[in-house]
Amino acid sequence: MSALEKSMHLGRLPPRPPLPGSGSSQSGAKMRMGPGRKRDFSPVPWSQYFESMEDVEVENETGKDTFRVYKSGSEGPVLLLLHGGGHSALSWAVFTAAIISRVQCRIVALDLRGHGETKVKNSEDLSAETMAKDVGNVVEAMYGDLPPPIMLIGHSMGGAIAVHTASSNLVPSLLGLCMIDVVEGTAMDALNSMQNFLRGRPKTFKSLENAVEWSVKSGQIRNLESARVSMVGQVKQCEGITSPEGSKSIVEGIIEEEEEDEEGSESVNKRKKEDDMEGLPSETQNLLFFLQTKKDHPYTWRIELAKTEKYWDGWFRGLSNLFLSCPIPKLLLLAGVDRLDKDLTIGQMQGKFQMQVLPQCGHAVHEDAPDKVAEAVATFLIRHRFAEPIGGFQCVFPGC
C-alpha cells in the first residue's frame, strides 16, 4: 500500500450480503462461479434499494415537467444524487443502501431531463444551464422556501451539473459538493473519441437480461449487483419494428462468452438459425423477424447520447475553476490519480478540496465500488459534522 493509499484509508463495515447471483459489490472484476453454474443477469426492482419513488411536478413557461426521484431515509442532510450521461437515478441504488447503513442521511436520486422516467416538454435541451435550473426547481418543488441541508453528489455529467448548480446558487441550503470521476482536462480530451465509443455500442438488446449481461461483460459496469438494477434505467422497449436488419444489431449486442460446452452449442445453433433465414424470401424473413421481435421485446437505449454532442463542451469547459470557486466543503473521488488536470492539482495541493482515489474501478466508480464510495462520503459528512454515524461505522480521516 502506497503512502497516498495509507493516508486515504477508511474504516470499513462488514460487507453487505450481495443478491443471489450478483457477486460481491466490492469485486469490480469478472465474477466466475463454479462449474455448470451461470451468473444471474435478471433485472432487480428499485424497491430493493430505495424506500419510495416520487414524480415531482415542476411548473415552467410551457407547462409542467415531471421529474422522477427515488428516496430513502428520514433524518439528516439530503444527499441529492445526479447520475452520468445515459445513466439514471437507479445507478445510485446499491450506493444508497450502503450509505444509509453508515450515516444518518436522506437520499434523493434524480432522473435528469432526457433520462430515466423523467418527462419534460423539451427533452433535447441538455445544456448545463437548463439542467442546473432543473435541479434547483426540483428542490424548490419538494421542500419549498425552507429546504433542509443538502449535499450535491454527481457522477461524470451529473458531477458537472452539480458544480454548475452550486456555482449558480440554485440550492440555497447547500452544505457540500462531491464530484465522482469527472475532471475538466480528462473530460475535454475524451470528447474527441466519444462518438466512436457510442458507435461501438450495440443499438438494441433482445431482453433486459441481455442488456445487463452486455453491461457487465463489456466493462461498462463492473459490478453485477449494480448492473441488475441500473440497466433498467438505461434502456427501454423499442417503440416500433423496422426491418429484418434490426435482428442483426440484436445479435451483435450479445457478447459471447463460451465458458461451458452448453453455451458454446447455443451460439452454434444461433448462427445456424441466421444462416437458415438468409435463404428465405424477404416476406417470410419480415414475418419471422416480426414474430421473434414480438416474443423477445427488444430493448434500446432510452437516450441517444450521440445527438447531445453540442452540449458536451458546455458541461465540462471551465469546470475545474468553477469547482474550486464554490465556497463550500468539496470532495473529489477519482478512479485514478492520473485524471487530475493542472488546476485541480494546484487546488488539491493548496487544500481547497478533499480528494480520494479508488483504484481498480471503472468510470462508474459508485457502481463498481459502492461500499468504498459510501465510506468516503460518510467520512466526509462526519468530518464536517454534517451527519452522525450509525451502525457502529468507524472512520479514519483521509490525509488529503
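Cβ coordinates are placed from backbone N, Cα and C, and glycine is handled just like the others.
According to TrEMBL, the region 'Disordered' annotation covers 1-43 (among others).
What TrEMBL lists as domain 'AB hydrolase-1' is 77-370.
Its own atom aside, the Cβ of SER156 (active site) has 25 Cβ atoms within 10 angstroms in the protein chains shown. The active site annotation in TrEMBL covers SER156 (among others).
There are 24 other CB atoms within 10 A of the CB of ASP181 (active site), with all protein chains counted. TrEMBL lists ASP181 (among others) with the feature active site.
The region 'Disordered' annotation in TrEMBL covers 257-280 (among others).
Residues or ranges marked as active site by TrEMBL: HIS363 (among others). Within its own chain, HIS363 (active site) has GLY84, SER156, ASP181, ALA335 as residues 6 or more apart in sequence whose C-beta sits under 8 angstroms from its own.
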*Average the per-residue pLDDT over the domain 'AB hydrolase-1' (77-370) and send me the rounded value.*
84
